[in-house]
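Participant: Pulled from TrEMBL, these are the listed features:
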- 52-75: transmembrane segment (TRANSMEM)
- 149-170: transmembrane segment (TRANSMEM)
- 176-204: transmembrane segment (TRANSMEM)
- 336-356: transmembrane segment (TRANSMEM)
- 376-397: transmembrane segment (TRANSMEM)
- 462-484: transmembrane segment (TRANSMEM)
- 504-526: transmembrane segment (TRANSMEM)
């Protein structure tokens with residue numbers, strides 16, 4: 001999947017002749033849409049067809065989009081004629097040429113909606129049965145699941161590294177047909193390999209739409225908004241048999257936050273059907289009420305991850321434009337492709353993940369006593385702080401690049417090469433990759449761990465939804481800055497030598513600082529969800545925290561101190 005995204009900004013500007021800002025916004029919107037569709041995929045997986053078949057359906061749709069992009073790159077009628085500015089003016093792609101491209105991108109967006117929310121949750125599902133068995137095997141399974149999240153991001157990073165090197169090189173030096181075709185072939189092979197493993201997978205049966213259950217809780221609570229919540233939570237409605245299909249790892253216990261929703265579990269006349277079953281739009285169990293509370297509680301911390309996507313959105317747009325104006329030669333015959341700069345972010349992420357798992361966790365474990373070394377709250381906080389440094393370094397480098405252009409009289413020559421090595425851009429990419437290795441993995445693990453078990457695909461979809469909103473916010477921020485600075489030193493323009501891209505980066509840095517403070521406040525007030533599980537010996541139940549919560553060091557503010 002990464003192969004298509006690696007160099008699309010080049011394809012849009014050089015092959016379809018779109019202006020830089022329009023191409024940037026197009027690519028950002030495409031990334032945002034691709035991250036928004038997982039909500040649909042999560043709904044299909046959790047409510048109707050399960051994760052396995054959602055992955056298969058999404059992969060098939062994605063493959064159609066890939067083929068469409070290959071055809072668009074191969075057929076001359078699907079792109080404007082080549083040009084050599086300023087001698088030959090460039091003809092912008094026509095409406096129907098763009099329509100073919102956008103339809104193909106839409107298919108890849110829809111397809112990714114079936115893949116992204118289900119792959120990581122489907123993999124983690126394979127460990128759940130071992131964890132339910134209890135004993136040492138459960139502890140070992142919990143440790144493997146923790147490492148699985150690192151491995152998932154490591155594998156994604158490795159694929160991106162290949163895309164930013166091999167695929168980008170082929171696109172720039174062999175042709176866009178092969179550059180798009182190789183990832184398309186790779187995707188087809190991956191689908192076939194995934195299908196081969198069908199007999200050995202653990203497949204969890206979907207138990208109806210979790211969003212319907214959440215709506216039922218809200219409706220029941222609103223209907224009883226005038227009812228007094230009992231002081232004794234034991235008086236609220238419980239039904240273990242009803243909740244059994246959606247609480248195989250244990251039922252959620254009552255918490256004292258968001259007590260308005262507790263009204264949904266108050267039994268009033270007319271709430272029970274003649275069969276003795278509760279009417280779901282009038283009465284909900286405590287477990288179902290706590291499902292809603294769990295989702296509401298995690299949303300503030302989830303929202304702190306949105307700015308990570310906003311800050312990272314310029315890595316594939318404006319930064320590539322900067323690289324085009326810088327000295328990219330490595331020896332007399334080789335020029336470093338601008339889009340390949342992202343390999344430094346990916347490589348830094350891969351090295352950080354390996355270092356984190358093999359060195360950092362064992363050392364931290366000796367200090368904290370936690371099997372995971374540090375909590376996922378601490379890991380996310382570290383990632384957010386590092387990401388601020390990434391954007392600040394981008395601002396400093398752009399100031400240096402623009403200063404070099406001014407000294408050599410190149411401010412009005414946007415296509416000229418500024419005598420400054422492109423490798424000045426490496427630190428901001430590398431620091432961004434390090435921050436991503438901390439924050440993204442932690443956010444994914446947090447969402448999977450703290451969401452109700454019947455909504456894990458939906459929880460993973462929230463991860464991609466944060467990316468979608470972040471990309472859209474990037475588009476909004478670019479548009480607002482462009483309009484606000486138009487006519488008085490425009491910050492963002494096609495001639496970046498005359499623009500003030502450094503000011504834009506400083507603005508993002510300030511926003512990231514505010515976001516970090518917001519995360520700390522949200523974390524301080526966060527409460528972990530309690531879970532009721534059966535005793536290993538005996539039939540009675542006990543209250544405990546989730547296994548991963550025990551790994552992460554307790555609830556409330558204890559996880560960061």
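Indices start at 1 and increase along the chain as displayed.
The backbone N, Cα and C atoms fix where each Cβ goes, and this holds for glycine too.
Remember, TrEMBL labels are computer predictions, not curated facts.
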Participant: Is it the case that the transmembrane segment (462-484) and the transmembrane segment (376-397) touch, counting contact as three or more CB pairs under 8 Å in which the residues of each pair are 6 or more positions apart?
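Facilitator: By the criterion, they do not touch.
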Participant: Against the transmembrane segment (176-204), which of these stretches has the most C-beta pairs under 8 Å: 52-75, 336-356, 376-397, 504-526?
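Facilitator: Between the candidates 52-75, 336-356, 376-397, 504-526, the best contact partner of the transmembrane segment (176-204) is 52-75.
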Participant: By Cβ distance under 8 Å, which residues at least 6 away from the ends of the transmembrane segment (376-397) in the same chain are close to it?
Facilitator: 301, 304-305, 308, 311-312, 314, 319, 424-425, 427-429, 431-432, 434-443, 445-446, 449, 502-503, 505-506, 508-509, 512-513, 515-516, 519-520, 523, 526, 552, 559-560
